[in-house]
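*Asks:* First the structure, then my questions, so here it is.
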Amino acid sequence: MSTGTTTTPSTAQASGGDEATDLSKQYDTPLGLAHTTMQALKDRIKLHYDLASDYYLNLWGEHIHHGYWPTESSKANDSKETAQLNLIRLLLSISGLLPQERDGNGEEKQLRILDVGCGIGGTTRYLASALAAAVTGITISGKQVQIASRLSRSAAAAAAAAARGPGLDAPPAAAASGGGDDDDDDDADGFIPLGDKGGKVRFVELDAEQMGDYFASSTSSASASASSPGREGGGNGGQGLFDVVWISEALSHFPNKVLFFRNAHRLLRPGGKLVLADWFKAEDLEDGVFEADIKPIEDGMLLPPLCTQQEYVGLATDAGLKVLGGPKDISKDVSKTWDISWSLVQNPSLWAFAFSQGRDGIAFLQAFRAMRRGYANGSFRYAVMSFAKP
Ligand SMILES: C[S@@+](CC[C@H](N)C(=O)[O-])C[C@H]1O[C@@H](n2cnc3c(N)ncnc32)[C@H](O)[C@@H]1O
């Protein structure tokens, strides 16, 4: 998408509040379309990401999550891309994740990570490279799987070219594939090797609510082939298939959060970690504030009822996990994301595209204002937290 003729009204930058722009006023949309069933909501979420992911890539880059500006210096200097990486580093830090872990015999072994609701794979690739890990990304959107795989093959080809050094041509097979959609270099389990430290990624189109049974029916996390879902094997109900379950800004989309925490517990090995970043409503909101601030976010962003941070802690501990880090509320250090985003979407072609996608497209853009209002009022919150399986 072109963000070319951006008109950036002063109101979009001037405050952290809820200002409409001339452009957004043209598309005022009544809010409050009920989700008739949770499956209908999931269908709308899938459609949204199938349609919008190319636009996300152009607007936000490879990460579809908030930026984190932890200090005054960071707020003054860090781009949104740097701030998005700051958020991943914060999650690594609160969960104490290191490049490799040693097993009981002191042997290094490769971390197996499940990135739930992986978007177009920005975090999946980052974790594979930074931790030399085998990372499986799952998303409900088939379009995101395509984009994530393409970006990963391009990154792998670029890393291979850099390793060869200037002036050295790629071997004929690699040159022919060009790092695009070709899966010739994928390993037998469908992983795309990234760099020379052993990191690798693969992407599976999967409703996360199925992830417990899906991976349980595979031989192991490393061989749960993307191309052969549902293969028999394992026999242990999927226990212990991953060292880390990572979920960044996806759980708020899931209707059944109890099931997610149970599945995370089931798929983690003892000592394994659940690492989480998400959107929340503040504790003890008055009805009027909830209606004005939170409802438009739930509606436009396709969310079942938002939880509080303590509700997630309760669900995780009920599922048998123990708190490792957080919850750390970083609302004031991430809210700038929506000031930038509101400016970025002051583009008539983008609203026209959203309009062509129907009411959900417009409600999505209008929700950007609600995000700014919620942060400014303190009713909408952002937090990170991590848990361990005893
Ligand atoms: C806001 S994006 C976050 C993407 C990514 N985690 C990141 O941090 O860049 C939300 C993601 O959740 C995924 N998602 C939503 N509901 C899902 C479900 N039921 N199963 C799997 N993925 C889902 C979407 O497809 C999308 O990739």
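Each Cβ is built from the backbone N, Cα and C atoms, and glycine gets one as well.
Just so it is clear, the model here is predicted, and its values are computed rather than measured.
TrEMBL lists these features:
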type	residues	note
COMPBIAS	1-17	compositional bias 'Low complexity'
COMPBIAS	162-176	compositional bias 'Low complexity'
COMPBIAS	180-189	compositional bias 'Acidic residues'
REGION	1-24	region 'Disordered'
REGION	113-122	region 'SAM motif I'
REGION	162-194	region 'Disordered'
REGION	267-276	region 'SAM motif III'
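So where do these features actually land, and what's packed around them?
*Replies:* Note on the region 'SAM motif I' (113-122): residues 49, 53, 56-57, 61-65, 84, 128, 131, 133-140, 144, 147-149, 151-152, 201, 203, 208, 211, 215, 221, 241-251, 253, 260, 264, 267 of its chain, located 6 or more positions outside it, place their CB under 8 angstroms from a CB of the stretch.
Summed and averaged per residue, pLDDT over the region 'SAM motif III' (267-276) gives 97.
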*Asks:* For the region 'SAM motif III' (267-276), what are the DSSP-based totals of helix, strand and coil residues?
*Replies:* 1 helix, 9 strand, 0 coil
*Asks:* Provide the three-state DSSP residue tally for the region 'SAM motif I' (113-122): helix first, then strand, then coil.
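*Replies:* Grouping H, G, I as helix and E, B as strand yields 1 helix, 4 strand, 5 coil.
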